[in-house]
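Record features (TrEMBL):
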type	residues	note
COILED	37-64	coiled coil
COMPBIAS	150-168	compositional bias 'Basic and acidic residues'
REGION	150-174	region 'Disordered'
TRANSMEM	12-31	transmembrane segment
Amino acid sequence: MVEEWSVPGWAVVAAAAALLALLVLLLVLAVSGARARSRARTELAAARAETDGLRERLDALERRVAAPAAPTRTEEFVITRAGEPEPELDEARRAPAVPAPLFADLVLRESVVQAASLAAGVRRALAPEVRNRIRFEVRREIRRSRKQRRADLRAARRDWEARRRGTLDEGSAA
(Lines of atoms letter the chains of each structure in order from A and count residues from 1; the text may use other names and numbers.)
(Lines give C-alpha, C1' and ligand atoms only; values in the text may rest on other atoms or scores of the structure.)
Protein backbone atom coordinates (compact mmCIF):
# COMPACT_ATOMS: atom_id res chain seq x y z
CA MET A 1 0.00 0.00 0.00
CA VAL A 2 1.23 3.36 -0.91
CA GLU A 3 1.02 6.13 1.50
CA GLU A 4 0.42 9.22 -0.40
CA TRP A 5 -1.34 12.14 1.09
CA SER A 6 -3.30 14.53 -0.93
CA VAL A 7 -2.64 17.27 1.60
CA PRO A 8 0.86 18.52 2.25
CA GLY A 9 2.38 17.54 5.60
CA TRP A 10 2.89 21.02 6.91
CA ALA A 11 -0.87 21.73 6.49
CA VAL A 12 -1.72 18.74 8.67
CA VAL A 13 0.75 19.86 11.32
CA ALA A 14 -0.65 23.43 11.21
CA ALA A 15 -4.22 22.12 11.57
CA ALA A 16 -3.20 19.93 14.53
CA ALA A 17 -1.45 22.92 16.20
CA ALA A 18 -4.52 25.12 15.66
CA LEU A 19 -6.76 22.41 17.12
CA LEU A 20 -4.45 22.07 20.11
CA ALA A 21 -4.42 25.87 20.63
CA LEU A 22 -8.21 25.88 20.44
CA LEU A 23 -8.45 23.14 23.05
CA VAL A 24 -6.06 25.04 25.36
CA LEU A 25 -8.13 28.21 24.89
CA LEU A 26 -11.34 26.33 25.71
CA LEU A 27 -9.69 24.85 28.79
CA VAL A 28 -8.53 28.33 29.97
CA LEU A 29 -12.01 29.76 29.39
CA ALA A 30 -13.65 26.91 31.31
CA VAL A 31 -11.28 27.36 34.27
CA SER A 32 -11.75 31.15 34.36
CA GLY A 33 -15.54 30.70 34.12
CA ALA A 34 -15.47 28.25 37.01
CA ARG A 35 -13.39 30.69 39.08
CA ALA A 36 -15.77 33.55 38.26
CA ARG A 37 -18.79 31.42 39.27
CA SER A 38 -17.03 30.45 42.48
CA ARG A 39 -16.20 34.10 43.22
CA ALA A 40 -19.80 35.11 42.45
CA ARG A 41 -21.13 32.43 44.81
CA THR A 42 -18.78 33.67 47.55
CA GLU A 43 -19.85 37.30 47.04
CA LEU A 44 -23.53 36.25 46.97
CA ALA A 45 -23.12 34.38 50.23
CA ALA A 46 -21.39 37.42 51.79
CA ALA A 47 -24.16 39.72 50.54
CA ARG A 48 -26.83 37.41 51.95
CA ALA A 49 -25.03 37.27 55.29
CA GLU A 50 -24.77 41.09 55.34
CA THR A 51 -28.44 41.39 54.41
CA ASP A 52 -29.39 39.03 57.23
CA GLY A 53 -27.28 41.06 59.67
CA LEU A 54 -28.91 44.30 58.53
CA ARG A 55 -32.35 42.73 58.78
CA GLU A 56 -31.61 41.66 62.37
CA ARG A 57 -30.41 45.18 63.24
CA LEU A 58 -33.52 46.67 61.66
CA ASP A 59 -35.77 44.31 63.60
CA ALA A 60 -33.96 45.22 66.82
CA LEU A 61 -34.36 48.95 66.07
CA GLU A 62 -38.04 48.50 65.27
CA ARG A 63 -38.59 46.62 68.54
CA ARG A 64 -36.74 49.33 70.46
CA VAL A 65 -38.75 52.13 68.82
CA ALA A 66 -42.07 50.35 69.18
CA ALA A 67 -41.49 49.24 72.77
CA PRO A 68 -41.78 52.57 74.65
CA ALA A 69 -45.10 53.65 73.20
CA ALA A 70 -46.04 57.15 74.26
CA PRO A 71 -48.84 57.25 76.77
CA THR A 72 -52.03 58.50 75.19
CA ARG A 73 -53.68 61.51 76.77
CA THR A 74 -57.35 61.19 77.39
CA GLU A 75 -57.99 64.89 77.98
CA GLU A 76 -57.32 67.50 75.34
CA PHE A 77 -54.97 70.41 75.89
CA VAL A 78 -56.92 73.66 75.64
CA ILE A 79 -55.35 77.11 75.57
CA THR A 80 -58.46 79.13 76.41
CA ARG A 81 -61.36 78.58 78.75
CA ALA A 82 -63.97 79.43 76.13
CA GLY A 83 -67.16 77.49 76.63
CA GLU A 84 -66.54 76.74 80.29
CA PRO A 85 -68.71 78.34 82.92
CA GLU A 86 -67.07 81.36 84.49
CA PRO A 87 -65.95 80.97 88.08
CA GLU A 88 -67.74 83.11 90.59
CA LEU A 89 -65.90 86.38 91.25
CA ASP A 90 -65.62 87.36 94.82
CA GLU A 91 -66.34 90.92 95.92
CA ALA A 92 -62.66 91.82 96.29
CA ARG A 93 -61.83 91.00 92.68
CA ARG A 94 -64.80 92.81 91.11
CA ALA A 95 -64.26 96.25 89.56
CA PRO A 96 -65.28 99.07 91.87
CA ALA A 97 -68.66 100.59 91.03
CA VAL A 98 -68.74 104.36 90.58
CA PRO A 99 -71.78 106.14 91.94
CA ALA A 100 -74.00 107.87 89.35
CA PRO A 101 -73.28 111.52 90.30
CA LEU A 102 -69.52 110.91 90.21
CA PHE A 103 -69.84 109.16 86.83
CA ALA A 104 -71.81 112.09 85.38
CA ASP A 105 -69.23 114.53 86.73
CA LEU A 106 -66.36 112.54 85.12
CA VAL A 107 -68.13 112.36 81.75
CA LEU A 108 -69.00 116.08 81.73
CA ARG A 109 -65.48 117.03 82.77
CA GLU A 110 -63.96 114.93 79.97
CA SER A 111 -66.41 116.38 77.42
CA VAL A 112 -65.61 119.94 78.49
CA VAL A 113 -61.86 119.31 78.17
CA GLN A 114 -62.33 117.90 74.64
CA ALA A 115 -64.56 120.81 73.59
CA ALA A 116 -62.07 123.35 74.96
CA SER A 117 -59.16 121.75 73.08
CA LEU A 118 -61.22 121.72 69.86
CA ALA A 119 -62.07 125.40 70.29
CA ALA A 120 -58.41 126.27 70.87
CA GLY A 121 -57.42 124.38 67.71
CA VAL A 122 -60.06 126.12 65.60
CA ARG A 123 -59.11 129.52 67.01
CA ARG A 124 -55.46 128.91 66.16
CA ALA A 125 -56.30 127.65 62.66
CA LEU A 126 -58.40 130.76 61.95
CA ALA A 127 -55.80 133.21 63.28
CA PRO A 128 -54.82 135.99 60.81
CA GLU A 129 -51.17 134.85 60.60
CA VAL A 130 -52.19 131.35 59.57
CA ARG A 131 -54.70 132.65 57.01
CA ASN A 132 -52.05 134.97 55.50
CA ARG A 133 -49.54 132.10 55.30
CA ILE A 134 -52.12 129.91 53.56
CA ARG A 135 -52.97 132.71 51.09
CA PHE A 136 -49.27 133.21 50.33
CA GLU A 137 -48.71 129.47 49.69
CA VAL A 138 -51.75 129.27 47.39
CA ARG A 139 -50.55 132.26 45.32
CA ARG A 140 -47.07 130.79 45.05
CA GLU A 141 -48.48 127.43 43.87
CA ILE A 142 -50.72 129.16 41.29
CA ARG A 143 -47.73 131.10 39.89
CA ARG A 144 -45.63 127.94 39.73
CA SER A 145 -48.35 125.98 37.90
CA ARG A 146 -48.86 128.84 35.37
CA LYS A 147 -45.14 128.96 34.69
CA GLN A 148 -45.02 125.19 34.23
CA ARG A 149 -48.06 125.28 31.89
CA ARG A 150 -46.38 127.98 29.73
CA ALA A 151 -43.16 125.95 29.54
CA ASP A 152 -45.11 122.84 28.51
CA LEU A 153 -46.99 124.84 25.86
CA ARG A 154 -43.73 126.24 24.43
CA ALA A 155 -42.19 122.75 24.29
CA ALA A 156 -45.29 121.37 22.54
CA ARG A 157 -45.21 124.23 19.96
CA ARG A 158 -41.51 123.64 19.28
CA ASP A 159 -42.15 119.92 18.82
CA TRP A 160 -45.14 120.53 16.53
CA GLU A 161 -43.24 123.04 14.38
CA ALA A 162 -40.25 120.68 14.13
CA ARG A 163 -42.53 117.90 12.89
CA ARG A 164 -44.20 120.22 10.41
CA ARG A 165 -40.80 121.34 9.08
CA GLY A 166 -39.77 117.68 8.86
CA THR A 167 -42.77 116.81 6.68
CA LEU A 168 -42.18 119.87 4.48
CA ASP A 169 -38.49 118.96 4.04
CA GLU A 170 -39.43 115.39 3.09
CA GLY A 171 -42.05 116.64 0.63
CA SER A 172 -39.60 118.97 -1.16
CA ALA A 173 -36.83 116.33 -1.23
CA ALA A 174 -39.06 113.84 -3.06
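Glycine is treated like the rest: Cβ placed from N, Cα and C.
Because TrEMBL annotations are produced automatically, they should be read as predictions rather than curated entries.
Within its own chain, the coiled coil (37-64) is flanked in space by no residue lying at least six positions past its ends with a Cβ under 8 Å from the stretch. Mean per-residue pLDDT, taken over the coiled coil (37-64), amounts to 94.
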